[in-house]
Amino acid sequence: MIALILVALALSHTAYSQITNGTTGNPIICLGHHAVENGTSVKTLTDNHVEVVSAKELVETNHTDELCPSPLKLVDGQDCHLINGALGSPGCDRLQDTTWDVFIERPTAVDTCYPFDVPDYQSLRSILASSGSLEFIAEQFTWNGVKVDGSSSACLRGGRNSFFSRLNWLTKATNGNYGPINVTKENTGSYVRLYLWGVHHPSSDNEQTDLYKVATGRVTVSTRSDQISIVPNIGSRPRVRNQSGRISIYWTLVNPGDSIIFNSIGNLIAPRGHYKISKSTKSTVLKSDKRIGSCTSPCLTDKGSIQSDKPFQNVSRIAIGNCPKYVKQGSLMLATGMRNIPGKQAKGLFGAIAGFIENGWQGLIDGWYGFRHQNAEGTGTAADLKSTQAAIDQINGKLNRLIEKTNEKYHQIEKEFEQVEGRIQDLEKYVEDTKIDLWSYNAELLVALENQHTIDVTDSEMNKLFERVRRQLRENAEDQGNGCFEIFHQCDNNCIESIRNGTYDHNIYRDEAINNRIKINPVTLTMGYKDIILWISFSMSCFVFVALILGFVLWACQNGNIRCQICI
């Protein structure tokens, strides 16, 4: 009986010794990956919170509180809207013949001439803005039968009655007659011409006849492809700058070789020339109250300038220049490192070193993947640069491709409509909101997809490194199941280095490894069986010990050495 107990205890001790790897004294080499104490959470396709070693923020949320005049050329409209500058309102003369990449309109700009409206305000504003200049070409028009150069007290220039400098107010001649007018201008140039003209709407019938003689005027403007005919709307309106009449501003584009014809029997506000329209520029207009500074930035918003190489921004949906795309999310983290598994306080079972299956290694600063070994010369840690570089190349390539996909010039201007176009404005806003919603969703999905692939790639590189080492060692070592190998031959630091760099020759150590295996344990046990044997041997020891005690008690009772008395 005592012999059986001793056998069980010996078996238990043998299993314990093999698990701790401390009694055999064999060298151990473990494969691991970098870990940090506090990782970064990213989203993947399957999980909203995956902790990785490192990640890059893709959404820019910072901006400067000023507009940078370089490399984009800015023109400050100050008190003038762009259309006021094109019409030649008093106070806007400084804008004549200016050029720009971005025309800055101020919310404080005001009209300073006869009250007017533009039925197609947004289109005219867009055409003028995209042309990049107010290059005006004066032309000689012959307006027979009328008086030219009309003026108004609502349009003071230098303290005197004046009018829009780019328009000519035609009224009845000194003989009391008005026209009729029939004037043709041919575009003999090589560029598109923009003509601005208008129709005056008097406040009363008396004003109508005083200015134009006829009770009902009419203006017709024609090109080969278009014709518009306007009859004035006579009637009183709320006074603006002491005027109850209004002027409606219209515009006509005339292509090279085409002609424009003006016909009128009254109420025509005639052009004095045309604007040269260039379709090759990508200029625009921006409404902002931010001052123009002396900084440099390729991206402007209504809230200031953005200086960032990130593919997305959450500063403003109104962005001009080489800008990140606007998304609704305040943060999109792109994984640039592997899954983070912080190291435990005790490395491995009973304090032994452990590999990547059990935990990551903090302090592996010169690489993502590496080796940790323990042999007769001590312990050491070294990075595996090849697998690290392979993972870094894939992730950097992924990051560059993502930036390329979203690095195209993003250009979103603020649309402005007249009140009568409210439904169009609502539709435009709905379309823009829908586009932003779709792009924001696509951006989040794209980043989640890339994160999923990044984590899969880094896990794959770890497995590739493990398989490479396993194929090198073959039967010379045993896989312990936690990312470590127990080597069954003497392996100094040079030997360890050969395993790391892939020059290890298992044939050199094969015989020594086989002999050591036989000495340590004739039967090779896997890590799972070692655990089972440990518990079985422990249980057998306990069972035999209890059986021995019971047997002794029964033997003593039979011989009268022990007497049991039960009291009730």
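FYI, residue positions are counted from 1 along the chain as it appears here.
Glycine is no exception: its Cβ is also placed from the backbone N, Cα and C atoms.
For Cys299, the disulfide partner named by Swiss-Prot among Cys295, Cys323 is Cys323. Between the alpha carbons (Cα) of Cys155 (disulfide bond) and Cys80 (disulfide bond) lies a span of roughly 14 Å. For the recorded positions Cys92, Cys295, Cys299, Cys557, the largest tally of other C-beta atoms within 10 A is found at Cys92. Considering only the recorded positions Cys68, Cys80, Cys299, Asn314, Cys491, the residue whose Cα is spatially closest to the Cα of Asn242 (N-linked glycosylation site) is Cys80. Here Cys299 (disulfide bond) is compared against the disulfide-bonded residues Cys68, Cys92, Cys491, and the shortest C-alpha distance is to Cys68.
If you draw a 10 Å sphere around the CB of Cys491 (disulfide bond), it holds 27 other CB atoms from the protein chains shown.
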